[in-house]
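Chemist: One structure, pasted below without further comment.
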């Protein structure tokens, strides 16, 4: 038997003057293993159906911003180079300027979500990046393109970490991992889809109304983005613990959403103060948690299969008589993506379900798989067994789906401080992007493929570091647990030793000053029971 969200998590809000809701015991079923809401009471099932329908639809469609991120490369290869006289290093400069905007905007944007309603912030970001993308179609020089690429990066920056933060504002540990994974995989699928979409746009629209095909690419991206932003203003939900009720929820559903979160120690907005800043900078969370995501993000291997397939067509051929066509070079690596998506889905469903919200087993598994494949690709002769090498490349990302679960874990560890939660989720993604923009230039050089020994050695080292870093976090969480239990024990003894209140006055429990399960302990429990 398990409870909602789990029996080991704290239940009830000690600050609530109303009678506490009853925790309904549920029996897990095979239907609930497929989708968690099917095992919940009807009121929660109805609530989550509405939230999922709005949140996941908007987040997944919004993540089509991957089109905007990639369109400049497609445009460059489709005529922009000649039209804007970009014959030097202008493309690299444009990409760098986009990166600067993306890095600058993430943390401020996520912190803004703790002050303003997300239903205004997130759609506004999407609206502004859609407008900046649309403006790119009319540029007459690469200098104008630079300015617009900075704005596109700046407005795109808050979407990915912002959605992860908002997921933590609605879902419990038995639900959030799956939603985070669905959102993340939408980006991967969007990346695959973008190439086909933009190729079709260029082929069919080049020259229409006197516009070059590459200019139509920006117009198509904006046409997709802008309606999604406008729908967001109408439907995107804000955080139930700190903002107004969404119009599509009843008051009872809004209160139910609040209760679900306070039951697991999730906190709403609080004021910034000197004491809060001091607590933030003295917490090990601030310095350790973001780098867990950085290490994972940079430790994955690059997609080397395409380089390997193309190397068979070199002169002299590494294996005489074996060649691969251009369609084969483009299509065979897609199997790698399919294996990755399937394994990532399994990660999330197992983490939320049978493992009851534990995230760390999959981080260890991710690291172990990375070590195995890095060692294999460093040691084998890539041309001795062609079929075996294909299979190795197809499964190289089999264990690489821990990223969304890491951000979910940060969400849960920082449950008791929504500002810290927003900051560290953004910091992890921000720093990961900084390192990812720099390190491949040194360890994953194009001239080193397909062997890429330096790159696979780098991946191997980061996989080992990922294991050590995860273990460090678990040790620190256990120390926090011991301190919390010791504090709880002392508080309980002091309460028992206190003389009874005079007759006619309220007891300590009645005044909400003390309960056997204190708020501090409850907040730690939601995290520490996952260790």
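Quick reminder: no glycine exception, Cβ is built from N, Cα and C everywhere.
No curator has checked TrEMBL annotations; they are predicted automatically.
Worth saying up front: this structure is predicted, and the values here are computed from it rather than measured.
Quick paste of what TrEMBL says about this protein:
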type     : residues : note
DOMAIN   : 54-482   : domain 'Major facilitator superfamily (MFS) profile'
REGION   : 496-520  : region 'Disordered'
TRANSMEM : 91-113   : transmembrane segment
TRANSMEM : 120-139  : transmembrane segment
TRANSMEM : 145-170  : transmembrane segment
TRANSMEM : 182-202  : transmembrane segment
TRANSMEM : 214-236  : transmembrane segment
TRANSMEM : 280-296  : transmembrane segment
TRANSMEM : 332-350  : transmembrane segment
TRANSMEM : 362-380  : transmembrane segment
TRANSMEM : 456-477  : transmembrane segment
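What does the local environment look like for each feature on the list?
Modeler: Beyond the transmembrane segment (120-139), the same-chain residues lying 6 or more positions past its ends with a Cβ under 8 Å from any Cβ of the stretch are 62, 65, 68, 71, 84, 109, 112-113, 145, 148-149, 151-152, 155-156, 158-159, 162-163, 166, 211, 215-219, 221-222, 225-226, 228-233, 236.
Residues 51, 55, 59, 62-63, 65, 68-69, 72, 84, 93-95, 97-106, 108-110, 112-113, 118, 121-122, 125-126, 128-129, 132-133, 135-136, 139, 176, 179-180, 183, 187, 237, 239-242, 257, 261, 266, 404, 407-408, 411-412, 415, 418, 421-422, 425-426, 428-430 of the same chain lie 6 or more positions beyond the ends of the transmembrane segment (145-170) yet place their CB under 8 Å from a CB of it.
Long-range contacts of the transmembrane segment (214-236) within the same chain, counting only residues at least 6 positions beyond its ends with a Cβ under 8 Å from a Cβ of the stretch, are 54-55, 58, 61-62, 64-65, 67-68, 71, 74-76, 78-80, 83, 118-120, 122-124, 126-127, 129-131, 133-134, 136-138, 197-198, 201-202, 205-206, 208, 246, 248.
Remote same-chain residues near the transmembrane segment (456-477) are listed as 284, 288-289, 291-292, 295-296, 298-301, 360, 363-364, 366-368, 370-371, 374-375, 377-378, 413, 439, 443-444, 527-528, 531 (criterion: CB distance under 8 Å, separation of at least six residues from the stretch ends).
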Chemist: Ranking 91-113, 332-350, 362-380 by Cβ pairs under 8 Å to the transmembrane segment (280-296), which is first?
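Modeler: Looking at each of 91-113, 332-350, 362-380 in turn, the most contacts to the transmembrane segment (280-296) are made by 362-380.
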Chemist: What same-chain residues lie close to the transmembrane segment (332-350): Cβ under 8 Å, and 6 or more beyond its ends?
Modeler: 33, 177-178, 180-182, 184-185, 188-189, 192, 303, 305-306, 309, 324, 362, 390, 393-402, 404-405
